[in-house]
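Per Swiss-Prot, domain 'Lon N-terminal' is recorded for 31-224, and the stated evidence type is sequence analysis. Residues annotated as domain 'Lon proteolytic' in Swiss-Prot: 613-790. As annotated by Swiss-Prot, active site applies to Ser696, Lys739. As annotated by Swiss-Prot, region 'Disordered' applies to 807-839. Residues annotated as compositional bias 'Low complexity' in Swiss-Prot: 823-832.
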Amino acid sequence: MEGGPLEPLEDLSGIEENSIIPLDSILPPELFLIPIKSRPVFPGIITPLIVPSGKFAKAVEETVKGNSFLGLVLLKDEENEKETSENIYQYGVVAKILKKVNLPDNAVNILVNTIRRFKIESFVNKDPLVARVSYPEEEPGAPKNTTKAMMRTLLVMTRELAQNNPLFTEEMKLTMLNVNEPGKMADFVCSILNLEKEEYQSVIESNILKTRIEKVLLFLKKEIELVSIQREISDQIQDKIDKQQRQFFLREQLKAIQNELGIKDDKFEKKYEKFLERLKNLNADPEVIEEVTRELDKFSYADPNTGDYNVIRNYLDILESLPWEPAPVREIDLEKAKKTLDKDHYKLEDVKDRILEFLAVKKLKNDEKGTILLLVGPPGVGKTSIARSIAEAMGRKFFRFSVGGMRDEAEIKGHRRTYIGSMPGKIISALRITKERDCVILLDEIDKLSIGIQGDPASALLEVLDPEQNKNFRDHYLDLPFDISNVFFIATANTLDSISRILLDRMEIINLSGYITDEKVQIFQKYLWKKVLYKNGVTPYGIEFDKKAIVALIDSYSRESGVRGLEKVTDKLVRKIAIKIVRKESFPKIIQEKDLETFLGVPKFTDERMVRASVPGTALGLAWTSVGGATLLIEALFVKGKGGILLTGMLGKTMEESSNIALSYIKNLLYKEELFNNRMIHLHVPDGATPKDGPSAGITMASAILSLALNTKVKSGFGMTGELTLTGEVLAIGGLREKIVAAKRVGIHKIIYPKDNLQHLQEIPDYVKKGMYFFPVSRYEEVALLLFDEKVISKINPSFRENLKSIVNPTRKLSPKKKTTQKQKLSLSKQKGNNQKKK
């Protein structure tokens, strides 16, 4: 809707209190009230107002039809949109509507002339607001001369404010000069000040002239002080700008003079220009040269006092500190490299062979790109230290950073330069620190990468570890291609389960298994003991360790896959000796087994009760964990119930399925449903607080259930691992070496394992298998024959015994005429394994 034309109304702008018509006779006793936000309108001012559509616009229409007088009141709380009688002040200003125009949105634009103050006495109507009002008389409050002096002071201070405040227009200055009455002068000055809403209202409510002028003088003085401070700030800023401009022109003149004389004084600029020349001589990527040229040009014009100057300088400093030169051709000595690797680490032949292979290829072909190795193994087996030794053997610098728990992609690829305090990522930082393009970078704990809201660091590593992409690696901060293809990346992990398949595809995996006792003894004698003595300052005292004491220390105080715990207990022992040395007390020169309890207390580990399947319903399994191998005792017990199986011990989904398969197979094997009717099998795997999962406990669960059903305990000394199917097949498993090491550590020397893992067994070094007996099986019938006596086997259904005749090796098959002792069986099995290996 379009607004109509302005409707001229009776003009009462000239009404004065001393006019012929008494003012009180013209002003109505009741007024429509229009609420106003932010600041009130003072008497004696002509001003436009926009009244929104609705009840107030209708009130304006009613007023125009009547006497054209409105009451303007200030809202107390602007956030409270309810324009009620409780939300308006008691004092306001009566105004005469001079002109009105209707707006398209049904709102009304009015031009009003404010006349005098009024006070709300009572409300006649609250929707719309109509109030009965009174018009208080203005009281001098002071003698005439005092009022006159106060008015002059007000005029002088207002002129001072007008001179310093550019917001004062000429019209406002003229209006100020033409106002002669003190009350109107005070109202006018207050209306042009920038005050709080409550301060405005306090002036509106002042009927005593002296009080009103005093309030306005106080507000005016505050405003003058504020304007003065603003002027000082403005002058300071202007002076600073003028100074910067002057310095800029002087620097430009100085540069022009220096160029004429051939003198360069800016050390940073000289350094960056040399860097640019270096890039050009190296035939660097044109994109890099172009970017450095552009940044150097910006740097030459930047003001040192600005933030841009430091941003550009930091960027150029980082670029200048990177190794842009090609990787040097290093002299490779394989024998020296092998000695370096052997010096710090015992065994680890797979890792050492891979490094020597890489060096041999590098020697034959100089353009061999960087290699990415992934060392996987339990804690304490030397993954981090072997990486450091690799760098030493190759003659390269070494840089390590942990990615465990990293959640931000920018940690790898850097932050973009738009952010305050941005820096390059870890990869570029490593190259800056090492100053080598072919350094060795260790990504520690890569299996513990996390995903956060800032991105996926594992995905960022895909580009870093891809030989086809990292030739033009782009860090977010540099935003330039940089060749990292010559970097030798080594990653470490405890397990592969949490690493993405795509990331694993880019790395060559080398498994580091846990150490057996013999290996730990060698490590202790060759490396660990000397290190701990030196660390605690007792090397000069020539303390030695008896070999039997070393074995006892390993078995009784630090039973683990690695040697980190062994180092800790050894460190504790040597500290005890250090106290005796300082106190000048006697101490053993050779540590014997009997001395361990004196220095270290009661042994933490004894012969494990857990590894002894000593009652019916128990069997010992072998498990693999992220911290190495472990033994796993499985217990079975009949309890009252409606059949089925109850599982405890924090077993995962896979082990739960394995237990159901084992129960179904044994039920079918025994062919005696009455054994399981109205009884439930409770299967428990200690310890209950440790989560467990995996498929390799199938034959162990079946053996525990079979032992329970036959009420016969399994033969002692056996540990087993293998996945079981419903038809009795025994399937391959993983982590065989770790399981063998765990069994050997606790005194288990007879291992039942899947025949499909025979190849893996042959790859395990002989010193690990020394003193062990291995029994490969392909079906569960072979497992049962090993674990139970022939009399017990005869209790099983005929079909089971028939299967034994066709499956079991003749050296171990049942025969009533020719009995073979258990010792002979084990000897024959061991001989068979050796013959297969020779073949």
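A Cβ is built for glycine as well, from the same backbone N, Cα and C atoms used for every other residue.
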Between Lys739 (active site) and Ser696 (active site), the C-alpha gap once rounded to whole angstrom: 11
Starting from the Cβ of Ser696 (active site), draw a 10 Å sphere and report how many other Cβ atoms land inside it. 28
Using DSSP with the three-state reduction, classify Ser696 (active site) as helix, strand or coil. coil
Restricted to the domain 'Lon N-terminal' (31-224), the mean pLDDT of the model is 82
Other than its own, how many Cβ atoms are within 10 Å of the Cβ belonging to Lys739 (active site)? 28
